[in-house]
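Just below is one structure, and these are the notes that go with it.
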Amino acid sequence: MGLRAGLLGLLALIVASKCSYSPEPDQQRTLPPGWVSLGRVDPAEELSLTFALRQQNLKRLSELVQAVSDPGSPRYGKYLALEDVAELIRPSPLTLRTVQKWLLAAGAQNCHSVTTQDFLTCWLSVRQAELLLPGAEFHHYMGGPAKTRVVRSLLPYQLPQALAAHVDFVGGLHRFPPTSSLRQRPAPQVAGTIGLHLGVTPSVIRKRYNLTAQDVGSGTTNNSQACAQFLEQYFHDSDLAEFMHLFGGSFVHQASVSHIVGKQGRGRAGIEASLDVEYLMSAGANISTWVYSNPGRHEAQEPFLQWLLLLSNESALPHVHTVSYGDDEDSLSSAYIQRVNTEFMKAAARGLTLLFASGDSGAGCWSVSGRHRFRPSFPASSPYVTTVGGTSFQNPFRVTSEVVDYISGGGFSNVFPKPSYQEEAVAQFLKSSPHLPPSSYFNASGRAYPDVAALSDGYWVVSNSIPIPWVSGTSASTPVFGGILSLINEHRILNGQPPLGFLNPRLYQQHGAGLFDVTHGCHESCLNEELQGEGFCSGPGWDPVTGWGTPNFPALLKTLLNP
């Protein structure tokens, strides 16, 4: 009787609203390559959906981010606590009441919120979910290298028009897990080995970026760093131990991860998961390290979204987060992309440094109405994260200056306008670059990325007890840059200063001081007659291939230790 009454109440709400709307009409809903449907989900099966509730005071939040991140502001470094952010952006009582009433009428009783009250995760039967979200049709799907199983709907969902002012989107319906773009390249050919290295290891990174044996965490602060993993991948403690045994003998380091958030699987280790942990912990040596391990455990959950919920629910978090996750901007709905960007604003207001890999497809390429255009990546294109591109050694076997790694993701957003902090740098690049692609390929007024870079080519990784050479991708450069920022945070904390927080306003104001400028090389793009596979090219100063450049630790430390 209770279920029937609930369904009647839900139908009454839908009828009362007279019409419905689609929150995500522009979300790509095609089945990714390599995925197959395993059929409809049993109507009685339970699934988890996440409701993104409309926030308040976003203009004020944006102003606060600018104030706490700008060295010229009297509020610089005076970050907000999670409770302060919650107080500012918490949905209105009307939104909370309206959504709760709607969900209760549908029979969704097992719902959990977060500290900021702007996400609600509920368990419902598939039957209830399909009634709640007309149009949705849930199927089991399987795909990806790990044969991951998910529950998704390839059909668009509708919401009652009465909820248009209260719900941004519903998570757990459309977006499929990303696949790793990490690749193992063939080893370059070389004659003789005297004075040469045979791939990138922690000692090679420390030599190139001028880190001494003393440049490690002190072990006396509450400093910490984290990497987040959203693939069906895990790291093994034994691989980390073997990696440090082989490559970590010249510097003090921690023997294990301090804190794992989420569930570590017992299967084979993944190369990307191993890489993230091994290089974050060797660049940011002897600093407490957290791993967010594929937290979206239920088949209907989106792991990346679950990570954002965790950030909104924990008051004490690591200062630096490195993430090797990305999607094509055009594959994501406007509602989703704007809301995720707001989540990054919340993190910036709290003084968190979020580093995202710029991607491994150069400028990217896709066809719009028969014309080729570059294809930006998100979250790399968010104006509230620091995006890390990739480089290679000029001589692959010597610790030399760096050139562009042709896979290094970069370009201009088609969604986010250019933030004020980078207007001067981007204008200078557009004015002075001798190799600019035709303007029809990119949106010159969009947020430009990456912001910085590091080596992304030829890494050694230990995975499943096996040392693997020549692993490449911006998934490698991102934890390296993150670890180096953690070392700088260590000095700041010991000096009584706040952690770096959102780095970009300071980075651009200082015109890349403390970084090695990368001025040679171009990344890949559309393989057509007009471009012949060449995208943007690097040059003096900032460029959309390697940003401001790669870290020179002593100089960067000096620059970023100034109040």
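Think of each number as a place in line: the chain as shown, counted from 1.
Placement of Cβ uses the backbone N, Cα and C atoms for every residue, glycine included.
Per TrEMBL, the features are as follows:
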type	residues	note
SIGNAL	1-19	signal peptide
DOMAIN	199-563	domain 'Peptidase S53'
ACT_SITE	Glu272	active site, charge relay system
ACT_SITE	Asp276	active site, charge relay system
ACT_SITE	Ser475	active site, charge relay system
BINDING	Asp517, Val518, Gly541, Asp543	Ca(2+) binding site
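Measuring Cα to Cα from Asp276 (active site, charge relay system), the recorded positions that fall within 10 Å are Ser475, out of Ser475, Asp517, Val518, Asp543. Annotation for Gly541 (Ca(2+) binding site): spatial neighbours Ala425, Gln428, Phe429, Ser432, His511, Gly512, Asp517, Trp548, criterion Cβ-Cβ under 8 Å with sequence separation of six or more. The most crowded of the active-site residues listed here (Glu272, Ser475) is Ser475, judged by how many other CB atoms sit within 10 Å of its own CB. Summed and averaged per residue, pLDDT over the domain 'Peptidase S53' (199-563) gives 93.
Ranked by CA distance from Ser475 (active site, charge relay system), the recorded positions Glu272, Val518, Asp543 have Glu272 at the top as the closest. Under a cutoff of 8 A between CB atoms, and with a sequence separation of 6+ in the same chain, the neighbours of Val518 (Ca(2+) binding site) are Thr391, Glu402, Val403, Val404, Ala453, Ser538, Asp543, Val545, Thr546, Gly549, Thr550. The Cβ of Asp276 (active site, charge relay system) has 28 neighbouring Cβ atoms from other residues within 10 Å, across all protein chains displayed. Minimal Cβ crowding within 10 Å, among the binding-site residues Asp517, Asp543, is found at Asp517. Excluding the listed site residues Asp517, Val518, Gly541, Asp543, the same chain places Gly512, Thr519, Ser538, Gly539, Pro540, Trp542, Thr546, Gly547, Trp548, Gly549 with Cβ atoms within 8 Å of the centre of the Ca(2+) site Cβ atoms.
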